């Protein structure tokens, strides 16, 4: 078992990195963030406290995740891998709902189902169909792949559901008019649904198009730094980006279709408290 | 004036189309529950225009939305041609009891597209209602003083008054049994308000049951006039607007429901 000190000093035992990051490295990174916070204070941007807090959170969370993954790798049991994925999905539900703004109640279950569905698809397609690790539940592949997917999906569906309900509020009179013609809730919500799915997808498409030119995605960069073959790293990265994009599109559509009905009552009327 | 008995349907009497009993609406403000109205009853007859008047905020629009099953806070026991609401999906009901909201909303790139939009909905996909062709649209627009509005014009270019008439026309063309027009003549000059009134009158003459929320002076089109004030619905047919307001205020101390079915005899004669 590697303790916290090992992680802080050298990274996990047997880590593939040829260039480990020592504590000085972490400190330099923190100092740069502190500089950004000073700029924020001088310019009165008012984000310095949030910036510092987010930085500390990210450091602690990443190190914790590193520790947890190294523990799961050591124990090497399939059920532990899936227990970790379960915890990650539940945390992702909470993050999605706090990131969205102006959301009605009753979204926990649909968000959970959407994240679960995309994680299951990610696992079956990327891990078992494309990478085919040995053993089939190899934590270093499964946890990282699903983690990258969840990160993307969380951002996309938070944007999508926020936009959906914003747009339906803006279109309130239009929706009421359409219902008065005999439109179903789906027909009345459709313009908002398409606009929400589209908006949720824009960052994903932009990421796909710009990768390789101005952006070497984190995963590819990591593999190259760790001494991997750059072309192999590019193939890996492409598979991951392409599959994540399509699964994000799927999750985007799924969540919006699952939640638009929240704006309507059981007897197909628009909620007044939307 | 108010006899709480149902009229026996006699030969030559108007045919009831929409019968509403126990219409009620409550809104919640935090923990407090406020009744806008409870226990209202009214009947709309084929071929009649009924005006619904009353102070702002008395719930006239809400009552109309309630009849069209559109308001989430309001409900009522209703029958359409003797069939209860249970026999309809909400969508089917709304194609027959059609509400035209006060605020005009026109969607689509052209006036023609905007008018035909309701015909694209699933509920009308296998219906007998014909999608109006360009000639029908042209004639219908000319009829209500919109002869200068081209079919391919963008609806956003129309004035609010023009939009209101196009919205009214759009719903009339779908051929509902009951039309609930919520202050559709509010933004119109007297000439055009009269045109809108004639349009509704013609629809009523063809057998539609029409109900209008109005704030304007009476235009002589209404068979009956109902006033909604302080949660009570009163038939004020034949009284002047000013007198009606006074009488209604004096007569409606109680919160009980009152049935207005029976009070239209003079207007019928």
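Yeah, the Cβs are placed from backbone N, Cα and C, and that goes for glycine too.
Note: TrEMBL annotation is automatic and uncurated.
Per TrEMBL, the feature transmembrane segment maps to A:24-43 (among others). Within the chain carrying the transmembrane segment (A:24-43), a Cβ under 8 angstroms from the stretch's Cβ atoms is held by residues 8, 51-52, 55, 59, all 6 or more beyond its ends.
Summarising the annotation, TrEMBL assigns transmembrane segment to A:55-73 (among others).
Positions annotated as transmembrane segment by TrEMBL: A:79-97 (among others).
Annotation source TrEMBL lists transmembrane segment at A:109-131 (among others). Here the transmembrane segment (A:109-131) has long-range neighbours at 85, 89-90, 92-93, 96-97, 141-142, 145-146, 149-150, 153-154, 157, 161, 239-240, 243-244, 247-248, 250-251, 254-255, 258-259, meaning same-chain residues at least 6 beyond its ends whose C-beta is under 8 angstroms from one of its own.
Feature annotation from TrEMBL assigns transmembrane segment to A:137-162 (among others). Same-chain residues lying 6+ beyond the ends of the transmembrane segment (A:137-162) with a Cβ under 8 Å from its Cβ atoms: 65, 69, 72-73, 76, 78, 80-82, 84-85, 88-89, 92, 95-97, 99-103, 107, 111, 114-115, 118-119, 122-123, 126-127, 131, 196-197, 199-201, 203-204, 219, 240, 243-244, 247-248, 251-252, 255-256, 259.
Annotation comment: TrEMBL describes A:205-226 (among others) as transmembrane segment.
Only residues 6 or more beyond the boundaries of the transmembrane segment (A:238-260), in the same chain, are considered here, and those with a CB under 8 A from a CB of the stretch are 107, 110-111, 113-115, 117-118, 121-122, 125-126, 130, 145, 148-149, 152-153, 156-157, 160-161, 164, 168, 185-186, 189, 192-193, 196-197, 200-201, 204-205, 207-208, 211, 217, 219. The annotation transmembrane segment is assigned in TrEMBL to A:238-260 (among others).
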